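As structure tokens, the structure follows; a few thoughts come after it.
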Amino acid sequence: MSTAFVDQDKQMANRLNLSPLERSKIEKQYGGATTLAFISNKQNELAQILSRADILKIASYDCAAHALQAVLDCGPMLGKRGFSQSDIVKIAGNIGGAQALQAVLDLESMLGKRGFSRDDIAKMAGNIGGAQTLQAVLDLESAFRERGFSQADIVKIAGNNGGAQALYSVLDVEPTLGKRGFSRADIVKIAGNTGGAQALHTVLDLEPALGKRGFSRIDIVKIAANNGGAQALHAVLDLGPTLRECGFSQATIAKIAGNIGGAQALQMVLDLGPALGKRGFSQATIAKIAGNIGGAQALQTVLDLEPALCERGFSQATIAKMAGNNGGAQALQTVLDLEPALRKRDFRQADIIKIAGNDGGAQALQAVIEHGPTLRQHGFNLADIVKMAGNIGGAQALQAVLDLKPVLDEHGFSQPDIVKMAGNIGGAQALQAVLSLGPALRERGFSQPDIVKIAGNTGGAQALQAVLDLELTLVEHGFSQPDIVRITGNRGGAQALQAVLALELTLRERGFSQPDIVKIAGNSGGAQALQAVLDLELTFRERGFSQADIVKIAGNDGGTQALHAVLDLERMLGERGFSRADIVNVAGNNGGAQALKAVLEHEATLNERGFSRADIVKIAGNGGGAQALKAVLEHEATLDERGFSRADIVRIAGNGGGAQALKAVLEHGPTLNERGFNLTDIVEMAANSGGAQALKAVLEHGPTLRQRGLSLIDIVEIASNGGAQALKAVLKYGPVLMQAGRSNEEIVHVAARRGGAGRIRKMVAPLLERQ
């Protein structure tokens, strides 16, 4: 093609306002000049069915002119068959996209008859070699079914670059791998990635050598089951001995290697480990940074940017937190780029770290900059924005809030509801699911607070769907709607519901009641806890634990780990004089496993400082008990200097959130003293669940409450019983109540009780209705 013709085509293609970088990217592909010419000649036709971004995506591959022509030829027919525009772009936007579109047209009917959905077909066709993959699925599906593979297995294997080769490889090597102990699930996991065929053959070749080096079958599957798994296995064999000499454990090597780009990450640990070590990064920190997608780049970026980040006030621990996720390199660079702008908008360093310290942290920071002002105009405060952005998928969550808030408002969801649902992993999907599934759930009798509780956790969208799917069956089994909400309103709620259905009969046969099952299942990780109870119950009984003990231990966040920790540590704790009741008391809370380990670790030092065994059990036997024990060790000397007795310290630390309460006493004690509160008052307010928040609320709202005629004693009474929420409720509704003739004495009497905030709201509700 002549230079003049190419130049002319560049000019014509530029009608799409292609930037120099975009034109260059297209031109570098095989047939790029032809693609530019095609775009310029057919831009009106293309624009009728594709967005600018779609055209660029398809054009960024070899021979893209053919793919774009195929979109024009096949797109309308595929649209009539139910394929979306994003499906068509996904199929066309790869090497061989034209052939893939034609293959979908030709084979979709036959694949549909075999039970493959439109989504399945788009997933398999939308990769390099998609046409060959669809044909291979048709040819090999019967053989796969005969060997016990499900349709989902076939789609997972086929739905990657080189899917056809992966399907053939599975049939070739599955018998041999099966003889070596690899399960069908292992084989699907290894094969179901780009380069799956090579990974399977590499497992076959290297497994004996890896086994001799001490790597388990689980390790091998973890390493092999990623894009580039074959290279990662070779790198483990080549670099493992040197890494072991450097002090890295086998488990650490497997963790670093077991991600996309694992081979490069291992090499980078060897190359940069010494330099990072000199800068003060520990081996554990290096492993944490390296053990993610893009770990090699993250290590290099830490080395490059650490000095500049430290100058900005970021500690090494915070740098590691931001770098130690998928996309950590981009997150660090984005922090450096955007931190000044974020600080100008009143985001604190802690906020920036929370947003950046997740998979996709870079995108989340950019979304905060982009959408923050609009969200503020909609009434969301900085804390709301940080809560929504500070999770995996935070960028998508912020975008979803902007897009869906008007409709959610129409459906009666409040701003706190939206923040609660959006502020988790998968928050964007949860908001979408609330809109799509909410009406059906309301028809079934679930209230708006129920829907928010179910949706407001990691996996909220799946939990809502599971409630719709399983509720009728669960009700037939005798579970009430409040039971269902309690089970699903946690991380992994969908799995917990399924586990209840699957395991309830066996658990009932073992003597567990329905309330027991709900208590165990109704926490984060409830599905695993139910299974662990089934697996470990006999061992617990043999050791003298009652059924009530098992339920108490299992019925919390992390119940599975707590059950295992009790079995592992009970003997040592018994040798140190802790009774079975003590062990159950410590283990039977959120984070019980960590609390048991902390008791073993810190008991000797605490004894030296005069704390009794009963003190230790009281401190450890609450949610966050491990942190509370550590906080006692850290702060006891300073608290002692300030006049707090050992009994005071135990009393403050021995509640949910005890660690935070001790820290709050240290932080706020002097100011509270200046405002007239004595040591006894401070202990009284701090020594409850949520004591830290109560002290902070007294500091913030105490002066205003004093101006309204409340005494110090009144404030202490409210804070010590109703806590921070009760103080805030008195602040908000006190004037309305006093206008209605209620005295301060009456208000304090109502607020200074457990649930005081709710009582105040109930008291004021009729008055607000009249206004």
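Heads up, the Cβ atoms here are built off N, Cα and C, so glycines get one too.
Annotation comment: Swiss-Prot describes 18-49 as repeat 'Cryptic repeat -1', evidence class an author's statement.
As annotated by Swiss-Prot, region 'BuD domain' applies to 83-709.
What Swiss-Prot lists as repeat 'Core repeat 4' is 182-214, and the listing cites an author's statement. As a summary of secondary structure, the repeat 'Core repeat 4' (182-214) carries 25 helix, 0 strand, 8 coil according to DSSP.
Residues or ranges marked as repeat 'ANK 1' in Swiss-Prot: 216-245. Same-chain residues lying 6+ beyond the ends of the repeat 'ANK 1' (216-245) with a Cβ under 8 Å from its Cβ atoms: 180-182, 186, 189-190, 192-196, 198-203, 206-207, 209-210, 251, 253-254, 257-263, 266-267, 269-270.
Mean per-residue pLDDT, taken over the repeat 'Core repeat 6' (248-280), amounts to 95. Per Swiss-Prot, repeat 'Core repeat 6' is recorded for 248-280, and the stated evidence type is an author's statement.
Beyond its flanks by at least six residues, the repeat 'Core repeat 7' (281-313) meets 246-248, 252, 255-256, 258-262, 264-269, 272-273, 275, 319-320, 323-330, 332-333, 335-336, 339, 349, 359 of its own chain at Cβ-Cβ distances under 8 Å. For 281-313, the entry in Swiss-Prot reads repeat 'Core repeat 7', with the evidence type an author's statement.
For the repeat 'Core repeat 8' (314-346), the residues of the chain that approach it from at least six positions outside its boundaries are 259, 279-281, 285, 288-289, 291-295, 297-302, 305-306, 308, 352-353, 356-363, 365-366, 368-369, 372, 382, judged by C-beta separation under 8 angstroms. As annotated by Swiss-Prot, repeat 'Core repeat 8' applies to 314-346, with the evidence given as an author's statement.
The annotation repeat 'Core repeat 9' is assigned in Swiss-Prot to 347-379 on the grounds of an author's statement.
Listed as Cβ neighbours of the repeat 'Core repeat 10' (380-412) (distance under 8 Å, sequence separation of 6 or more from its ends, same chain) are residues 345-347, 351, 354-355, 357-361, 363-368, 371-372, 374, 418-419, 422-428, 431-432, 434-435, 438, 448, 458. What Swiss-Prot records for 380-412 is repeat 'Core repeat 10', and it gives an author's statement as the kind of evidence.
Nonlocal intrachain contacts for the repeat 'Core repeat 11' (413-445), taken as residues 6+ away from its ends with a CB within less than 8 angstroms of a stretch CB, comprise 379-380, 384, 387-388, 390-394, 396-401, 404-405, 407, 451-452, 455-462, 464-465, 467-468, 471, 481. Among the features that Swiss-Prot reports, repeat 'Core repeat 11' is placed at 413-445.
Broken down by DSSP into helix, strand and coil, the repeat 'Core repeat 13' (479-511) contains 25 helix, 0 strand, 8 coil. According to Swiss-Prot, the repeat 'Core repeat 13' annotation covers 479-511, on the basis of an author's statement.
Remote same-chain residues near the repeat 'Core repeat 16' (578-610) are listed as 523, 544-545, 549, 552-553, 555-559, 561-562, 564-566, 569-570, 572, 616-617, 620-626, 629-630, 632-633, 636, 646, 656 (criterion: CB distance under 8 Å, separation of at least six residues from the stretch ends). Residues or ranges marked as repeat 'Core repeat 16' in Swiss-Prot (evidence: an author's statement): 578-610.
Sequence-remote contacts of a segment are chain residues at least 6 beyond its ends whose Cβ falls under 8 Å from one of its Cβ atoms, and for the repeat 'Core repeat 17' (611-643) they are 556, 577-578, 582, 585-586, 588-592, 594-599, 602-603, 605, 649-650, 653-660, 662-663, 665-666, 669, 679, 689. Sequence annotations record features per position, and here Swiss-Prot assigns repeat 'Core repeat 17' to 611-643 based on an author's statement.
Secondary structure counts, DSSP: the repeat 'Core repeat 10' (380-412) has 25 helix, 0 strand, 8 coil. Mapped onto DSSP classes, the repeat 'Core repeat 7' (281-313) shows 25 helix, 0 strand, 8 coil. Within the same chain, residues 127, 147-149, 153, 156-157, 159-163, 165-170, 173-174, 176, 220-221, 224-230, 233-234, 236-237, 240, 250 sit at least 6 positions outside the repeat 'Core repeat 4' (182-214) and bring their C-beta atoms closer than 8 Å to a C-beta of that stretch.
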